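A quick write-up on the structure given underneath.
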Amino acid sequence: MRSDGPAMAAPEESLRKRKTGRSDPEPESPPAPGRDTAGSPAHLHAGTFWLTRIVLLKALAFVYFVAFLVAFHQNKQLIGDRGLLPCRAYLRSVQQYFQGRLGWEALSYAPTILWLMDWSDMNSNLDLLALLGLGVSSFVLITGCANMLLMAALWGLYMSLVNVGQIWYSFGWESQLLETGFLGIFLCPLWTLSRLPRHTPTSRIVLWGFRWLIFRIMLGAGLIKIRGDRCWRDLTCMDFHYETQPVPNPMAYYLHRSPWWFHRFETLSNHFIELLVPFFLFLGPRACMVHGVLQILFQAVLIVSGNLSFLNWLTMVPSLACFDDAALGFLFPSSPGSLKDRVLRMQRETRGTQPEPRFGSVVRRAANVSLGVLLAWLSVPVVLNLLSSRQVMNTSFNPLRIVNTYGAFGSITKERTEVVLQGTASPNASAPDAVWEDYEFKCKPGDPSRRPCLISPYHYRLDWLMWFAAFQTYEHNEWILRLAGKLLAGDTEALSLLAHSPFEGRPPPRWVRGEHYRYKFSRPGGSHASQGKWWVRKRIGVYFPPLSLEELRAYFRDRGEPLPEPL
């Protein structure tokens with residue numbers, strides 16, 4: 001093939017000299033930055049993790065940002081001064097349990113910065129923690145650089161919220177974020193704020209900490225399914241999952257109607273990804289990267305098919321530790337002076353050489369070894385739990401939640417039930433002409449004509465708890481009576497957790513009740529769907545009877561709480 005490059009302009013004699021070797025040797029010019037000697041873009045070498053750290057930090061900061069954003073928007077209503085479960089009352093109960101002393105026992109039982117703050121305005125305290133978290137996570141997300149102090153601050157701020165969040169923060173992904181965030185602290189140098197801290201290469205111990213985390217997450221999820229609901233063993237769970245998951249999205253509506261063989265394939269694929277693929281981590285670098293690709297794709301499918309908060313986004317984070325700079329280089333530009341170019345220079349400078357020992361490097365190596373020993377020690381009860389036939393999921397064995405057990409959907413509900421809250425302005429709740437009007441939540445099914453929402457990675461905590469409440473009784477979820485009292489009082493904070501109040505612009509209702517309904521997806525193309533209905537619902541019965549503020553007076557008094565007053 002004929003070349004059209006610059007050599008075609010050279011004199012023929014010069015070419016003849018080059019062929020016969022008679023021309024005088026000339027010094028070679030150095031290759032252009034970021035390019036090999038042929039002039040094509042240079043490729044990063046495998047085995048270093050400078051870019052991996054940047055991607056890990058940005059991904060973790062993104063999840064932190066979402067988590068703190070949810071906290072800022074919802075904490076005041078849920079655990080604030082006038083929240084459904086005020087954290088001030090919770091801290092006081094912890095203090096009373098330990099004879100009123102604020103000692104090591106209380107601090108270790110509920111580790112939170114709030115112990116050291118003024119409790120007279122807990123709303124401001126909660127907002128301050130959330131805003132600080134938003135600020136720090138935004139910085140790390142935008143810049144891709146952090147130090148141990150910033151990452152420790154994010155971990156401490158979120159731990160302070162989780163440990164006073166009570167039932168609102170009882171989901172497995174809260175502990176998972178804390179464990180992932182704890183590992184993120186050791187990714188970074190102590191003080192330096194640099195995306196490529198030359199003297200602080202990414203620790204292999206920390207990378208294996210992330211890999212050990214994703215191994216436990218996936219294997220725990222797979223084992224709890226095999227040991228749990230029989231439908232996981234006979235491959236029928238996906239016949240129900242899309243319709244009965246906590247907060248379905250629009251895609252779930254269509255996936256629910258997939259052919260039976262597709263649902264069997266989904267279940268088998270789930271078992272393969274959760275029970276077999278995790279062991280790829282230990283089969284060498286290539287198998288490890290295959291594991292990372294499969295896990296990230298699996299989480300992407302779960303994001304598309306449901307609203308599981310930031311769980312799936314968070315689960316992608318430790319999977320990124322499976323990739324080195326050579327694998328992730330495509331995410332970065334190759335221009336001279338770019339991050340990718342600088343990493344390539346560092347690889348060339350350090351190839352075949354041993355860096356001179358520095359005091360800071362020795363200290364960091366000791367800290368990383370200590371981290372590895374700590375993770376191994378704290379993993380003992382977790383591994384025993386994985387091996388146990390009585391495996392429990394989403395459990396912490398230490399108050400700091402550094403190493404935890406995980407698992408999801410060990411059992412699948414076969415039908416969907418919902419609690420629908422209704423209010424009436426009628427003075428007589430039992431009157432035949434009383435008009436009951438529905439409250440609409442942000443995302444959970446209510447009005448059959450409302451399209452399922454699409455909110456991942458955001459999270460409406462009240463909507464999720466309403467899903468749990470629907471297959472329990474209100475006696476197991478006393479917070480729902482607090483919510484009823486606040487609706488009767490027209491409380492603006494509580495109403496902000498809802499999408500629509502039928503009494504907006506009107507006096508609050510005189511009575512509020514809970515009705516129990518069974519929900520099913522309408523059939524695409526069927527009669528209900530032609531009427532614009534996504535759901536078909538049928539009343540089961542009363543969830544809790546009609547209540548007035550006066551009837552709730554004794555309930556609030558017995559718990560030492562003021563009765564909500566109508567606004």
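Any Cβ shown, glycine's included, is placed from N, Cα and C.
Automated prediction, rather than curation, is the source of TrEMBL annotations.
Keep in mind it's a predicted model, so treat the numbers as computed, not measured.
Feature annotations, reproduced from TrEMBL:
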type	residues	note
REGION	1-38	region 'Disordered'
TRANSMEM	50-72	transmembrane segment
TRANSMEM	128-155	transmembrane segment
DOMAIN	169-328	domain 'Lipase maturation factor 1/2 N-terminal'
TRANSMEM	175-193	transmembrane segment
TRANSMEM	205-224	transmembrane segment
TRANSMEM	275-298	transmembrane segment
TRANSMEM	310-332	transmembrane segment
TRANSMEM	366-387	transmembrane segment
DOMAIN	402-545	domain 'Lipase maturation factor 1/2 C-terminal'
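Each residue in the domain 'Lipase maturation factor 1/2 C-terminal' (402-545) gets a DSSP state, and the totals come to 31 helix, 39 strand, 74 coil.
Between the transmembrane segment (205-224) and the transmembrane segment (128-155) there are fewer than 3 Cβ pairs closer than 8 Å, counting only pairs 6 or more residues apart in sequence, which means the two stretches are not in contact.
Long-range neighbours of the transmembrane segment (366-387) within the same chain, counting only residues 6 or more positions beyond its ends whose Cβ lies under 8 Å from a Cβ of the stretch, are 186, 203, 205-206, 208-209, 212, 216, 219-220, 223, 395, 397-398, 402-405.
Scored by C-beta pairs under 8 angstroms, the transmembrane segment (310-332) has its highest count with 50-72, from the stretches 50-72, 128-155, 175-193, 275-298. Averaged across the domain 'Lipase maturation factor 1/2 C-terminal' (402-545), pLDDT in this predicted model comes to 95.
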